[in-house]
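A.B. asks: What TrEMBL lists as domain 'DUF8201' is 5-401. Per TrEMBL, the feature transmembrane segment maps to 32-51, 63-89, 151-168, 180-211, 223-250, 262-282, 348-366, 373-390, 396-413, 418-440.
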Amino acid sequence: MQRIEFTLICFLGLFGIQVVSTVWSFFYDLSLVWSIFLILTALSGYTIRLVNGSSETFFLSQYLAFSKTIFSTIPIVIFALVGLSIAYVSSGAPYFIDNDSYYIQTIKWLDEYGLVKGLSNLHPFLSQQSGFHILQSALNFDYFYSRFNDLSGVYLLLGFLWSLSGSRDWNPSEVYRKSFAVLFGLGYLFASAPSPDLPVFVLTYIVIYYFLRLYDKYDRHLWSLLTCLILQVILFKVIAALLILLPVILIARSKFWKSKSVVVAISLGLLFAIFYIAKSYVVSGLPLYPLTAWSPLEPDWQWPQELADLYTKLTESQSYGVYYKNLSDLSFWGKFQLWVNHAGMEGWFNKLTLFCLILQVLALFLPRIPGKIKWILSICLLQSAILFLTAPQFRFFAGILIPSTLLGIIHCVKPHRWVVVSTVSTAIIAGFVFAVLGTLRNPFTDNALMRNDTVETSHFVSPLPNARKEVDGVLRFRDPDSYRDGLKHHHAENEDFIFATYDLPLPAAQTELLDWIENEYNIKVVQRSEDLKDGFKVIYINR
């Protein structure tokens, strides 16, 4: 069998679980029965290999080879430091506001019911149901312990191990691979949240590396692996859809259009497209969500156009730090000024985004930049242009922006070995200190949750609750015993954040949000039946 890196085996394993769990979630919840099925499937595969005479499993042999490589590259102390720091950060409660509004609830719904019809009607942010959240739900073993929503940290650790387990060559592509650790500190900011942003960043970084390798020397097996990773990225975050151009570019150069690997990859791509359309249809009734213009079917749980547009405006307004109703009063230049001068850490990230984009535009005109790099930069700039017209938040840019900018710098500067080694070592240590000492972030952010971030060594054994509200105080909520006009829901008390749901029992939504939607749009949210699995719909009120 052709040798494949241990970390890639892990990524492909996650990819396989992604495929199966997505199909499963259409019919059942991702809880105990799912875990039993997953374990039995894994044991069956292992048994089949033993029956076929593979007593020395491929996975084990690759793990031993990987261990030999990684520990000859970095000291075991550094490896332990990185592992502990990721566990340390992951044990804390996320400080992203999205975690308290829909991350936790998305995973809870998948844990307890799978994909639910019309869930977007209950809470606009639940319309997304990212593929990453399906995978997180598939692997969080909620029936055993409720605080295992740390798949982002797993991706960060795998990315770090992949970075330092490559060849000992010192060409620009290998320097790019090893330089992933330079960005390690940035990953700490996202590791505690069950958000697709960090996995998308890690996978995109890896995808770019293998695109560079395949551009120079085509290999159908590696091309198939690259395509699988890209499909997973897109299912995690659809804004990354332009990455699908990379395998198309490679196959066009290789002229192997009729190979079996291409047929299989196209079939897999079509399968993932069906997954995405079906998932969007179930959750919102809009097959191509976030696009709302096309909806040939009109199920009774379909998300109203008014609420879909509202969510789009809320996402865009968050990028500029303005009230959503004021967006129409802003010119493009006005939005740009607000975006650049955004308060807190987000403003710093926006300035970094602008700086990186300027560097990339300049790099496109440099003759020393090879064509394969210019392909990456062009896709990044095209995706950035789309984001500027929709929701220019740094975390949406970062997945491809940071890796492609670093790649361009490496090809221009061609740093010496000692520069890369010292920079990587410094970045690892600085990232660890930055993660552990949360007070160091205070001058750069206006996020009160981030400023007051505290993680203690005891949290290695007993991680903090999933929601910040439970960390900073007692999470009090109203437990309804009857329907409220066709809807039974839990509601956080003494809460100013209208979109808050925290880690409340299902279903959860602030009464103020439901009342506001009813008063603003004459829309009332109701359950389709008393069984929550049947989902939610809306009825229009005649006033």
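We count from 1, first residue shown onward.
Each residue, glycine too, has its Cβ placed from N, Cα and C.
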A.B. asks: Can at least 3 Cβ pairs under 8 A be found between the transmembrane segment (348-366) and the transmembrane segment (223-250), with each pair 6 or more apart in sequence?
C.D. replies: no
A.B. asks: So which residues does the transmembrane segment (262-282) touch in its own chain, when a touch means Cβ under 8 Å and the partner is 6 or more beyond its ends?
C.D. replies: 19, 22-23, 26, 115-117, 129, 131, 220, 223-224, 227-228, 231, 234-235, 238, 244, 247, 251, 256, 288-289, 297, 299
A.B. asks: Just to confirm my parser: what is the rounded mean pLDDT across the domain 'DUF8201' (5-401)?
C.D. replies: 84
